[in-house]
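Here's the structure, in structure tokens; my notes come after.
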């Protein structure tokens, strides 16, 4: 029915055709709508009859009128009959086409309103309040007027009654440019409600327009979407507001707790000060009592001495008045002895008296405590500690890290973190990261590669089980209740694996000495027992180290001590003991035979040209990467590098035909070799 209704709807008024005219272009138009089009083309005070043409609103075909005007056009009787039958077939009531159109127009306005609605049919003054609004009549009625105008008979039984709404809601919006026309379409170009005349003859005729229902659905969907987002945002804001309010409450509670804690701590300090005041005051009082008691005794002694002296002085003066020599001599000797004794006793008494006792032993100096009290403040995270690389020590598998802290008294514990150094990039990354230690991609894969030693109480720690000849990054975190801060990273490295020469492997014509660090040619050496590991054979004057290396990076040096015929290298355990090193696939060697220098492996020699007076050879073994490199240890000049997929543990091996060689092992890898291995 709705599809048929749309075919029977006038393109101007959007209602069912009323007295339709059949245009020459085969389209139809309501007579009144056609008349309004002519009126819109008239100038001021110009009669409608003067207009003799207009455009079809559907196809834009120009319709030329005769002298009779619109009356000269034929009536579309067939269309009118179809409309009449359609109206009869449609039950008049809420489901009728006209009512359906009105309902769609009123749906947005049927919400309850606080505006008071008066009866529009009342003769009373003032009018009574309306109880119903008839959508069909577009009028609001009071109870009496409703009964009078809408008896329970046809056709009034088909009228739709709703709760009273204002008249403006019933009649809908009117066009701003054509006051007698309702808006019935939407100009998309100007984003404005318009009427049919605006589209036909107004400034919107070339604009894109849309049906109100279409625009209504689109804008409603958009509004619903925006409303959903707004509601969601409001929900988030309400959640945030609740959290903020909760945070405010927590701030109040925590601040009150901290204030109470501050009062408690200050009361404890005051109590401690009062206790110390009482203790020190008691000591001062006790010292005063002791000193006064001693002084009182000294006063009594002085008085007693004075009394005896006064009596003695009186007797002496009386004796001096005696003129009889015999009597004077009889008493003078005794008095003289007593005077001498009294003088001596007073001399002994005087040094005991201290007239300048100022209680120096009870001197008070609270300057340090005053400074501490002046610095009283809430606890903060300790300052970052500093790693003292100059104090750190290392062996081939341990590193002892030392650090200092400015806030040593506020630090509860330290946390040591370390990992293998893989490049400068992960140092920068660690330094920029406050507490989380993660290396750059491809350098330090994850936080799992960092080892953590927690709860350290001292300012030093020894890490065991490290790889030899390897550089590590260390950082120290100082921790207390307020937080933690990490030190700048420090780079420390373990030494190479130390080893010595194995005398059991030395050729019979070689002597190992100097704590198994030197090997020399010795034709007069004593007989040595045969052993499977001993070098033998004509000219195979070799000796092996006492270690087999199967991982890591290691560096050692060989002092040639004036020898001009020797070989320095490495060999598998399976390498033949009767061949020169480098003559087989199981050994690699740098060789010198007087003025001829070469490197040798699997019987193949490659000449090299080192400095004429090479006195110290450096050997760098990187087992995991399969490289054996030789250097001039004094000038750091690279001589040669073997690249091999090492499949077995290798042993340092040495051959000497004249003079001696001395090894220096357990060295850290030099810095210029530690970053990148030199290539030939």
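In case you wondered, yes, glycine gets a Cβ from its N, Cα and C as well.
Which of 484-503, 544-563, 564-583 counts as region 'Disordered' depends on Swiss-Prot, and there it is 484-503.
Of the listed segments 172-212, 213-253, Swiss-Prot assigns zinc finger to 172-212.
Looking at the stretches 116-165, 266-315, the one that Swiss-Prot records under the feature zinc finger is 116-165. Per Swiss-Prot, the range carrying the annotation region 'Disordered' out of 456-475, 516-535, 596-615, 616-635 is 516-535. Taking each of the binding-site residues 175, 198 in turn and counting other Cβ atoms within 10 Å of its Cβ gives the largest count for 198.
Under the DSSP three-state reduction, residue 198 (Zn(2+) 3 binding site) is assigned to helix. Within 8 Å of the centroid defined by the CB atoms of 175, 178, 198, 204, the record's Zn(2+) 3 site, lie the Cβ atoms of 176, 177, 181, 183, 194, 195, 196, 197, 199, 202, excluding the listed residues themselves. In this structure, 178 is the one among the binding-site residues 178, 204 with the smallest number of other Cβ atoms inside 10 Å of its Cβ. Residues of the zinc finger (116-165) grouped by DSSP class, helix first, strand second and coil last, total 10 helix, 10 strand, 30 coil. For the zinc finger (172-212), the number of residues in each DSSP class (helix H, G, I; strand E, B; coil) is 6 helix, 11 strand, 24 coil.
Residue counts of the zinc finger (10-60) by helix, strand and coil are 14 helix, 10 strand, 27 coil (DSSP-based). In the predicted model, residues of the zinc finger (116-165) average a pLDDT of 85.
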